[in-house]
Structures are given as C-alpha cells and as structure tokens.
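Engineer: The active site, nucleophile annotation in TrEMBL covers C249. Annotation comment: TrEMBL describes C127, A128, A129, P130, G131, G132, K133, E151, D196 as S-adenosyl-L-methionine binding site. What TrEMBL records for 35-320 is domain 'SAM-dependent MTase RsmB/NOP-type'.
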Amino acid sequence: MFGQPLLRNMNKQKGDFSLKLPHTFVEKMNALLQEEAPRFFASYEKEKVNGLRFNPLKIERDAFLALAPFSLSPVPFCPTGFYYETDDQPGKHPYHAAGLYYIQEPSAMFVAETLQPSHGEKVLDLCAAPGGKTTQLAAMMDNTGFLLANEIHPKRVKALSENIERLGITNTLVTNETPEKLAEYFVGYFDKILVDAPCSGEGMFRKDEEAIHYWSEEHVHQCAVKQRHILDCAYRMLKEGGILIYSTCTFSPEENEQTMEALLQKYEDLELVAIEKSAGIQPGRPEWTKTTLTAIEQTARLWPHLLLGEGHFVAKLQKVSPAPTWKGKNATSNVTKQTLREYRAFEQETLTINIEKTMYSFNQHLFALPDDCPSFAGLKIVRAGLHLGEQKKQRFEPNHALALALKKEEIVHSLELEDYTKYLRGETIETGGDRGWVVVTIDGYPLGWGKEVKGTLKNFYPKGLRI
Ligand SMILES: C[S@@+](CC[C@H](N)C(=O)[O-])C[C@H]1O[C@@H](n2cnc3c(N)ncnc32)[C@H](O)[C@@H]1O
C-alpha cells in the first residue's frame with residue numbers, strides 16, 4: 001500500500017542533534033563542504049527514514065504491495081526497496097519471520113544495485129554481516145551461481161547466517177574467515193566482489209548514535225589502513241574482467257576518494273567504471289583526492305541532505321588485464337548411501353520436489369550445496385547452501401532453513417493458522433490432524449515446521465527465534 005511517508009518523515013524534527021556531533025567532525029565537514037555545510041548539518045535535525053526490501057525469491061512486487069499492511073513508497077534507486085513509516089514496525093510482523101522482506105537503510109540498497117550480479121556468476125561479499133547486501137545479491141542472482149558471504153567476526157556471522165536462512169537463500173556459502181585466508185584459496189576466482197568495508201560510520205550518526213562515540217580522527221585513519229588491506233585481498237580474488245565494488249557508510253575522503261586513489265595507484269590494471277547517478281546521487285569529489293584525480297567523479301556519493309537516506313560512498317572498478325586463474329577444484333559429495341536414502345524417504349513423503357544438488361554432510365547435518373561450489377576444506381564454514389536437516393536415529397529431521405526455502409506448492413502438508421503468535425512463541429497447537437511433518441504457512445508463505453501426531457502439532461520453530 002502506497003502512502004506518503006517521505007513528506008511526513010522529512011518534516012519530523014529530531015531536536016538539536018548537531019550539538020552531539022564531535023567538534024572535530026563538525027569542523028572537518030564545514031571545511032570540506034563550505035557553503036553546502038549548513039544544508040548538510042540541517043539533515044541531522046530531521047528524523048531518519050526507514051527502509052525495507054521485499055524478497056523477490058519469495059514474493060512478487062504486486063503481491064507484496066497487496067499483502068503488506070504498511071505505508072510504503074518506492075526507493076527511487078532500488079526496484080525492490082520501499083520507505084515505511086516508523087509506526088509500522090515491520091520487524092514485528094510474522095511476514096518478517098517468513099522472510100518476505102529485509103529491513104535495510106535505504107541508501108545501503110544502492111550498493112548491490114551497482115554490483116548487479118547476474119544468474120550463474122561467482123560472487124563474493126567479503127564483509128557481509130548482518131547480510132543486507134548478501135540477501136539483495138542472492139535475490140538478484142535468483143539463487144543461482146555461487147555466492148560466498150564472509151564475515152570475520154564470529155558473533156556477527158551468526159546474524160548473517162540467520163538472515164540468509166530467513167530469506168530462503170540457497171546459493172550461498174557462509175564463512176567466518178579473514179580476507180587473507182580467503183585470498184589464499186580463491187586467487188582469480190570471482191566474477192564480482194563486494195567490499196562493503198568496515199568504516200568510521202559517519203554516515204550512520206543519525207541512525208546509530210553509538211557510532212558518534214566511536215568517532216575520532218585516529219579511528220578514521222585506522223579504518224583507512226584496514227580498508228586498503230581488505231582491498232588488497234579482494235584484488236587477488238578477482239578474475240580478469242571482474243568487477244569490484246567498494247562501499248562505505250562514511251563521509252571522510254580518507255576512507256573514500258583517497259582509498260580509491262591509492263588503490264588505482266597501486267594496481268595499474270584496475271580502472272574505475274562510471275556509476276549511473278539519478279535521484280540526487282552525486283559524483284565523488286576529485287578535489288578531495290591528493291592528486292585531483294578527475295576519474296573519481298565516476299564514483300558515487302549519497303548525501304543525507306540531497307536524498308532520503310543516510311550517507312554512503314560507492315565505487316565500481318574493473319580488473320582489465322589477465323589475472324592468474326583459479327587452480328582449485330569443486331566440492332564433491334561426501335554423503336553415504338544410507339544418509340541419502342533416509343533423506344530421499346523423507347523428501348518423498350514431505351515434498352513435491354526432488355532437490356538435485358551436490359549433497360554434503362557435516363557430522364549428521366545434511367546440506368544441498370550451491371551450484372559449482374568450490375571445495376572449502378580448511379575454511380570455517382557456517383552454512384553450506386541449503387541446510388536440509390539432521391540425520392537422527394533411523395529418521396531424518398528437517399531443518400528450519402528447508403521450510404523457509406520452500407514454496408507452498410512444493411510442500412505436501414501445510415497448515416494456515418488463525419493465531420500465528422502461538423506458533424512463533426513455540427507452543428504446541430491442537431489441530432485434530434495426524435499428518436506427520438507439516439509446514440506452517442502465513443498466507444501461503446512458510447514460517448517453519450511442525451510435526452502433527454494424533455491431533456497435536458509439536459512445534460519445531462527454532463528456540464532462538466521464538467518471540
Ligand atoms: C559495513 S559492515 C558490513 C555490512 C553488510 N555488508 C550489510 O550490508 O549488512 C562491515 C563489516 O566488516 C567487518 N570487518 C571488520 N573488520 C574486518 C576486517 N579486518 N576484514 C574483513 N571484515 C571486517 C565487520 O565485522 C562488519 O560486519
């Protein structure tokens with residue numbers, strides 16, 4: 001349902017936010033922006049805007065708009081993105097648990113749009129948690145090809161993995177590695193790489209006031225050093241002709257224009273590719289580089305005073321000369337006949353489809369690997385494609401991820417409920433049926449498993465997700 005959140009939000013005043021901004025940051029932005037600075041600082045007095053992206057892996061745009069009980073208006077630079085009103089609280093709706101959308105800051109949606117991965121490509125999201133861009137990339141790839149989503153921090157990788165599960169993503173390997181380790185494995189492997197870099201977060205001050213407390217000039221410098229190191233690793237993993245996207249949510253030229261300038265000076269075979277700009281998106285600033293590099297105008301800046309969203313920087317580069325080619329092998333199945341037989345017996349009873357992928361088992365857990373999945377021996381794997389379930393004594397127990405990756409017509413027994421809170425709270429539900437494995441659906445969209453035995457549905461909604 002379309003509403004007018006833009007105008008209402010634009011007019012909401014937030015109080016004197018600029019008073020909380022670090023003094024040195026204010027001085028620096030004044031010096032950089034000069035006569036534009038008052039408009040920039042005025043944006044801190046406005047309420048932040050909220051965004052969500054519907055999930056085209058599960059629902060089409062018109063069906064989503066007909067179903068969503070929120071006030072929505074389109075984000076001009078992302079076809080799947082919408083602004084919503086703060087009072088809507090889409091994160092609390094069962095449609096969120098069903099993975100029909102991902103809540104994401106609107107400017108952040110522009111990054112994956114710039115990468116534009118195609119079906120069947122090999123794509124790396126090197127700094128991926130909590131998964132805003134990974135989930136967008138996987139949807140653009142229509143769950144085909146191979147997507148490696150990596151996150152260095154063990155706690156943050158869990159959130160990434162859960163979001164991938166909720167959105168029904170099946171083409172992704174989730175790893176918890178350093179960029180250096182991945183660079184040893186994947187020399188010249190990827191068609192497209194996203195480095196959504198850790199940064200000083202200046203563009204998020206309005207959304208996340210904690211970022212203000214972390215800010216210092218020293219932190220900006222440390223981030224710039226870290227970013228260059230991550231980019232070195234990304235460069236090694238890019239194949240000839242491959243595309244690299246670099247993005248931050250900060251304003252500082254040291255982390256943006258100057259990081260790109262240093263990268264281009266270091267690697268002669270990297271070239272900037274022009275990013276198409278519309279809807280208030282601005283070019284990067286040559287005058288903020290050390291060598292007044294004109295080509296930097298091809299990069300993009302999203303400013304909170306010029307569009308409805310927070311601050312972002314995006315650059316697109318291409319590797320133009322021959323690169324070493326990948327020498328690795330693809331993963332092969334390690335599954336025993338017995339495990340496969342038990343899974344197929346479950347599948348025949350429960351699903352109307354056969355999942356024909358390379359099967360892989362970690363301990364008793366069975367996964368359907370993404371197409372052309374490279375061998376991952378020695379890497380810290382958090383999720384390997386679609387988690388089908390666990391082999392228990394003489395039976396197969398399906399995983400939550402499988403329910404969330406299915407369409408209603410792929411399920412033999414499903415159950416619509418009048419009251420979803422009971423299911424999402426993990427309670428047992430009296431159904432009167434005796435059908436075995438059942439997928440609980442909301443308006444036909446899977447929420448999770450239940451096992452219906454002698455009139456009662458035993459609840460398999462994961463404990464960690466219960467409300
Ligand atoms: C801007 S956030 C990524 C946001 C994510 N792409 C999304 O759209 O949801 C940057 C990520 O980089 C990770 N990071 C921090 N230090 C890193 C390093 N040295 N190498 C790789 N990633 C790092 C952080 O943990 C963080 O999750």
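Any Cβ shown, glycine's included, is placed from N, Cα and C.
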Engineer: Highest Cβ count within 10 Å among the recorded positions C127, A129, C249: which residue is it?
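Structural biologist: Result of the Cβ crowding comparison: C249.
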Engineer: Which of G131, K133, D196 (the binding-site residues) has the most other Cβ atoms within 10 Å?
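Structural biologist: The residue with the most neighbouring Cβ atoms within 10 Å is G131.
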Engineer: With S-adenosyl-L-methionine as the bound species and C127, A128, A129, P130, G131, G132, K133, E151, D196 as its recorded binding residues, calculate the greatest Cα-Cα distance and give it in Å as a whole number.
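Structural biologist: Answer in Å: the longest Cα-Cα distance is 13.
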Engineer: Cα-Cα separation of the residue listed as 'active site, nucleophile' and D196 (S-adenosyl-L-methionine binding site), in Å?
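Structural biologist: One finds 9 Å between the Cα atoms of these residues.
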Engineer: Which state, by DSSP, holds G131 (S-adenosyl-L-methionine binding site): helix, strand or coil?
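Structural biologist: Once the DSSP labels are grouped into three classes, G131 (S-adenosyl-L-methionine binding site) ends up as coil.
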Engineer: Cβ within 8 Å of the S-adenosyl-L-methionine site centroid (C127, A128, A129, P130, G131, G132, K133, E151, D196 excluded): which residues?
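Structural biologist: Once C127, A128, A129, P130, G131, G132, K133, E151, D196 are set aside, the remaining close residues are D125, T134, A149, R156, L160.
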